[in-house]
Amino acid sequence: MRRLQFLAAAAAAIFLLALPLMATAQPKLRPDYYAGVCPNLESIVRGAVRQSVALSPLAAPATLRLFFHDCAVRGCDASVMLIDPAGGDEWRSPDGVMLKPEGFSTVMSAKAAVDSDPQCRNMVSCADILALAARDSVFLSGGPDYEVELGRFDGRVSSGGSVVVPHGTFDLDQLNAFFSSLGLSQTDMIALSGTCQRARVHI
């Protein structure tokens, strides 16, 4: 029960984080963005995430944590999924190494499932698949089911130097400054800081 309560609280907090970032970077987001090109997108992603969650208890919290990291660093663009051959990408930064492989595999499995449908192949951004996978991870763990607006563009840059996320050593001024830079209030900051610290305990 405590795990479900955590995921529900985390979902609400990360949704708060995503809203201002999505609004500024992608002004035309809408739930039916892929209705004409991939009408079964949400059921495909949910089916793939369901399989991942059944395989590992870490899949759901790891995917949610991955979504938070992606949104907090470059704004919900799936840049955290990019690989730099030289090793300078986000997920191999000192903060990125805390991300669990189960989160990446959940998103990659969902991406493969989407692309296995000829109607959907290469039509859906990884950023949107990540957003849907995070929502479905919460829902399949007993948390809320919420509507996801779609239409994000995938990022093309992933730099470990751009990764700045809150640490347990941050004081109040540092936390306020970080979340203010994302357009979030102190109330949002308190919710997100609490859930992210608990995410590290759970995964």
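Note that Cβ sites are derived from N, Cα and C of the backbone, with glycine treated the same way.
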With CYS71 as one half of a disulfide in TrEMBL, pick the other half from CYS38, CYS76.
CYS76
Which of these links to CYS120 by a disulfide bond in TrEMBL: CYS38, CYS196?
CYS38
Over the span of the domain 'Plant heme peroxidase family profile' (28-203), how high is the average pLDDT in this prediction?
81
At a 10 A cut-off on CB-CB distances, which of the recorded positions CYS38, CYS71, VAL73, CYS76, CYS120 has the highest count?
CYS76
Run through CYS38, ARG65, CYS71, CYS120 for me and report the recorded positions whose CA is within 10 Å of the CA of SER79 (Ca(2+) binding site), in sequence order.
CYS71
Long-range neighbours only, meaning 6 or more apart in sequence with Cβ under 8 Å: which ones does ASP70 (Ca(2+) binding site) have?
CYS76, ASP77, ALA78, SER79, VAL80, MET81, ALA127, LEU130
Taking the Cα atoms as reference points, how far is CYS38 (disulfide bond) from GLY75 (Ca(2+) binding site) in Å?
24
Quick one: pull the CA-CA distance for VAL73 (Ca(2+) binding site) versus CYS120 (disulfide bond), whole Å only.
28
